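**Q** My structure is below; once you've seen it, I'll send some questions.
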Amino acid sequence: MTGNNLAIVVLAAGQGTRMKSRLPKVLHPIGGRPLVGHVLTTAARLQAAHIEVVVRHERDQVVAALAKDYPDAVFVDQDDIPGTGRAVQVAVEALPADFDGDVLVLSGDCPLADADTLSAFLAEHRESGAPATLMTALVDDPTGYGRVIRDADGGVDRVVEQKDASAEEAAVREINAGMYAFRAETLRTYLPQVGVDNAQGEMYLTDVPGMLRRDGDRVAASVVSDVTVTYGVNDRAQLAEVGRLLNQRIVRRWQLEGVTVIDPATTWIDDDAKLSPDVTILPNTQILRATVVAPGAIIGPDTTLVDCEVGEDAVVRRTDATLAVIGAEATVGPFSFLRPGTVLGAKGKIGAYVETKNAEIGEGSKVPHLSYVGDATIGRGVNLGASTITANYDDVHKHRTEIGDEVHTGSHTVLVAPVRLGAGAKTGAGAVVRKDVPAGALAMTVAPQRNVEGWVEKNRAGTGAADAAARENSAE
Ligand code: UD1
Ligand code: CA
């Protein structure tokens with residue numbers, strides 16, 4: 001394909017009324033990016049000289065959501081005149097006046113058309129020499145789509161929108177997929193002639209094929225074999241269906257790369273995530289955004305990872321983690337909550353009912369049970385006793401806790417930050433540590449225990465406790 005005489009126009013100006021949403025339709029996400037983001041990701045692979053996104057409804061919000069990730073896209077504003085015909089017209093007017101290549105028109109709400117399908121479509125258009133080529137599909141239920149009406153020789157005669165179709169036309173099962181290739185000249189000639197005299201009072205891009213035919217020109221059609229590439233999102237039911245199809249594709253791609261996915265139906269992998277051979281994913285697991293998983297790691301069941309990095313052979317089960325780094329051979333879960341800035345060293349452990357945030361936990365260090373570790377730096381070979389807590393917040397500021405190598409804390413230690421425990425230090429069970437502990441020291445803050453013998457039998461006579469105590473004491 002000669003990329004330089006290609007312009008891609010992505011239609012994203014519509015409101016998406018049927019979504020019934022505050023969010024513009026094309027910004028609804030599937031697979032970790034907005035619908036129109038998938039179209040732009042694909043467009044970027046086709047090496048076009050121009051990529052234009054036509055915007056109008058909530059244009060600032062749409063531009064803000066896309067500008068950073070798609071720096072090559074040029075945003076073109078549609079005016080008050082509604083319809084896909086007008087949208088393409090403003091895009092063509094924004095191209096250099098001497099641009100005489102092909103214009104590939106895509107819809108921001110059709111995210112499943114992949115680069116291979118579109119390259120083949122363009123090649124077909126160029127080979128046929130027709131001034132316009134429609135992508136079409138044969139479907140069982142054409143409801144909602146424009147119908148492709150063929151003439152007696154089987155050529156494309158025109159496209160009729162559902163709302164303008166006679167009963168006979170509505171029964172046609174070949175639909176307009178909403179993706180087209182046009183010679184730029186053809187659009188410059190015909191779009192100014194498109195009117196708004198139709199059921200929706202809009203300028204239909206789909207009027208152009210019929211006009212070409214009336215002038216004795218030819219319109220080519222490329223019937224796709226996989227109809228799912230044409231699926232568009234107009235309502236929330238279609239959003240879920242298209243999201244599921246996209247996910248199916250992504251899961252399959254990783255399976256073929258050597259990832260074991262036990263239950264594809266309950267495994268959700270975003271398009272930007274990167275897995276590796278011999279990763280195993282157990283049911284009900286979401287691997288989201290730019291998460292990267294190294295070979296041999298086992299993730300799930302019931303795990304959500306957002307923008308995380310998981311090291312080789314790590315095991316992460318029943319965990320919710322965001323912006324966390326999990327070292328090689330480390331174990332996390334079950335029921336762990338890793339918040340941003342958690343960095344767990346190789347062979348480290350974050351165990352059951354543990355929450356971490358902005359916490360660097362060194363190689364081989366363990367936080368096994370019922371802890372909160374926030375704003376902390378922890379050395380190597382450390383063991384935090386069950387229910388050790390970093391008290392990092394004094395109602396005004398957050399403070400750091402520093403823990404040296406080989407420190408062991410007793411159960412239920414509270415480390416009141418800012419505080420530092422030197423290498424090899426220990427704390428007694430229940431210690432409330434407010435002052436730094438020197439290397440190798442034992443910190444104890446709980447008063448020595450005093451037993452008042454016979455207290456229960458004397459003060460709680462007649463209770464089950466008193467009776468049990470009496471039995472044990474008389475047996476001795
Ligand atoms: C359109 C086609 C229909 C086709 C279907 C395929 C027309 C008239 N009809 O119908 O034949 O079967 O797509 O999915 O083209 N848009 C703008 N500006 C506008 C209106 C729409 O940019 O003024 C954008 C929308 O944001 C959307 C795309 O164009 O991304 C399609 O618009 P939509 O209203 O969804 O058209 P359909 O009714 O689906
Ligand atoms: Ca649509």
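Backbone N, Cα and C define each Cβ position, glycine as well.
Pasting the feature list from TrEMBL:
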type     : residues                                                                                            : note
REGION   : 1-236                                                                                               : region 'Pyrophosphorylase'
DOMAIN   : 9-136                                                                                               : domain 'MobA-like NTP transferase'
BINDING  : 11-14, LYS25, GLN78, 83-84, 107-109, GLY146, GLU161, ASN176, ASN234, ARG339, LYS357, TYR372, ASN383 : UDP-N-acetyl-alpha-D-glucosamine binding site
BINDING  : ASP109, ASN234                                                                                      : Mg(2+) binding site
REGION   : 237-257                                                                                             : region 'Linker'
REGION   : 258-476                                                                                             : region 'N-acetyltransferase'
ACT_SITE : HIS369                                                                                              : active site, proton acceptor
BINDING  : ALA386, ASN392, TYR393, SER411, ALA429                                                              : acetyl-CoA binding site
**Q** Of all the binding-site residues given, LEU11, ALA386, which residue's CB has the most CB neighbours within 10 A?
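**A** Neighbour-count leader: LEU11.
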**Q** Could you say which of the binding-site residues ASN234, ASN383, ASN392, SER411 has its Cβ with the most other Cβ atoms inside 10 Å?
**A** ASN392
**Q** Note down the number of other Cβ atoms within 10 Å of the Cβ of GLY83 (UDP-N-acetyl-alpha-D-glucosamine binding site), including every protein chain shown.
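**A** Excluding its own Cβ, the number within 10 Å is 23.
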**Q** Over all pairs within ALA386, ASN392, TYR393, SER411, ALA429, the annotated acetyl-CoA binders, what is the largest Cα to Cα distance, rounded to whole Å?
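**A** Between the most distant Cα atoms of the acetyl-CoA site, 22 Å.
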**Q** With every protein chain in view, how many other Cβ atoms are within 10 Å of the Cβ of ALA429 (acetyl-CoA binding site)?
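**A** Its Cβ shell of radius 10 Å holds 14 other Cβ atoms.
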**Q** Far apart in sequence but close in space: which same-chain residues, 6 or more away, have a Cβ under 8 Å from GLY108 (UDP-N-acetyl-alpha-D-glucosamine binding site)?
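**A** Set apart from GLY108 (UDP-N-acetyl-alpha-D-glucosamine binding site) by at least 6 residues yet with Cβ under 8 Å, we have VAL10, LEU11, ALA12, LYS25, VAL26, LEU35, VAL36, VAL39, VAL53.
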**Q** In whole Å, how far is TYR393 (acetyl-CoA binding site) from ARG339 (UDP-N-acetyl-alpha-D-glucosamine binding site) when you measure between their Cα atoms?
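**A** Distance between the two Cα atoms comes out at 16 Å.
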**Q** Could you check which of the recorded positions GLY14, GLY83, ASP109, ASN234, HIS369 is the closest Cα neighbour of ALA429 (acetyl-CoA binding site)?
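**A** With Cα distances computed to ALA429 (acetyl-CoA binding site), the winner among GLY14, GLY83, ASP109, ASN234, HIS369 is HIS369.
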